[in-house]
Amino acid sequence: MNQTTNIHSDSEHEPNIDPVERAVRDIAAGRIVVVADDESRENEGDLICAARFATPGNIAFMATHGRGLICTPMSGEIAERLDLPPMCASNTDNHQTAFTVSIDHVTTSTGISARDRSVTALACIDPDAKPGDFRRPGHMFPLVARPGGVLERNGHTEATVDLARLAGLEPCGLCCEMMKADGTMMRRNDLREFAAEHGLAYITIAQLQEYRRTHEFPHTVRRVATVDLPSRYGRFTMVGYESENGGEHVALVMGKDILASIAGGESVSGPVLCRVHSQCLTGDVFGSMRCDCGPQLQEAMRRIAERGRGVVLYLSQEGRGIGLLNKLRTYELQEQGFDTLDANLELGFPADMREYSTAAAILEDLGIGSIDLMTNNPDKIEQLEQAGIVVADRVPIVIEPNEFDARYLSTKRHRMGHLIGAIAD
């Protein structure tokens, strides 16, 4: 196919279709979609299509109407197979956009025409393609997506690859930033108007994140057992749950109205003090000083007992979701100089694999719809709210650093966006 035969979405007149489902359907059909990122991030939009449909027509449309740099986001596996090293040894981009060396396919002429760029993009997804099939530098700009996609990094690189995967295509595509005729960037209203004018699907990265969380992760739980749990802080009720994937979780509950709800009474009214805590064997059980998990759990229980009402959700998400043994492997890397984030990435994991749809499902089962959340993690707040839980207030739960966890806490603050005060070195 040498040109875009139908750039307009066949589903644009279906008002009840989920916007992400429409975008995925259009990507699978070879069409271009508009994807906007967060207004507090770049506040920009990209034209996106799958690499399989990197036709001269689609590329010409991007160059004419997008006006920005046309890039080729791809999975790490494709970049590795084609031996595409990072463009820079030290990436100082504000959003850590993972450019590799630029490329042209050896059969192209100048490499810049729509046809030449089509040839290069299509060659990237050819399973028989070899590193020697490409000249370097060139006119196509590969970008390497994080393994966790938009759930790890909320960028257009990851959105492109996620949409291609959801469409059942190779994890590679094209994206092009969208500028107005005067050279300034299109913002939200501009992007919506452009999409409507050209009959293109329009979504935000936040919508794509929520779609993936809803469709890829367990979001129903089964209540298994309810028992009395006397503790040093007072008498809790422990409720055991099993999620769809076999994960085992517990809720520590205190408060007559919550217990009445569990017994089949009315849902709880008003916000409930809540801690959503990820399992940490080393910190919670053995008292490790490499993290603040154990002290946070104890402080949460103490505060709930002091108030006489609240819930701790204890989720089986060891090591931010990578499991106990992999967490120990990251500890080995940290002892070699890696920080907690880079250690995960070095092992091929996202910085944080946790999702909180299970937590929301447990709260729903307890009859709790509104919480005062004890957390320093803004992503936890965002995910719970997207899952339908009202976070009425954030209650900081900051533990004094020690000589062993100061760097860990500093990384969480500076690189992972946690709402922690200044950490002394």
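We count from 1, first residue shown onward.
Using N, Cα and C of the backbone, Cβ positions are placed for all residues, glycine too.
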For the Zn(2+) site that TrEMBL lists with Cys291, Cys293, give the additional residue from the candidates Cys274, Cys280.
Cys280
May I ask for the distance between Glu177 (D-ribulose 5-phosphate binding site) and Cys280 (Zn(2+) binding site), taken between their Cα atoms and rounded to an integer number of Å?
41
Residues other than Cys280, Cys291, Cys293 within 8 Å, Cβ to Cβ centroid, of the Zn(2+) site?
Ser278, Thr282, Gly283, Asp284, Ser288, Arg290, Asp292, Gly294, Gln296
Roughly how many angstrom lie between the C-alpha atoms of His139 (site 'Essential for DHBP synthase activity') and Arg354 (active site, nucleophile)?
38
Name the residue among the recorded positions His156, Arg354 whose Cβ has the smallest number of other Cβ atoms within 10 Å.
Arg354
Including all protein chains displayed, how many Cβ atoms other than that of Asn154 (D-ribulose 5-phosphate binding site) lie within 10 Å of its Cβ?
19
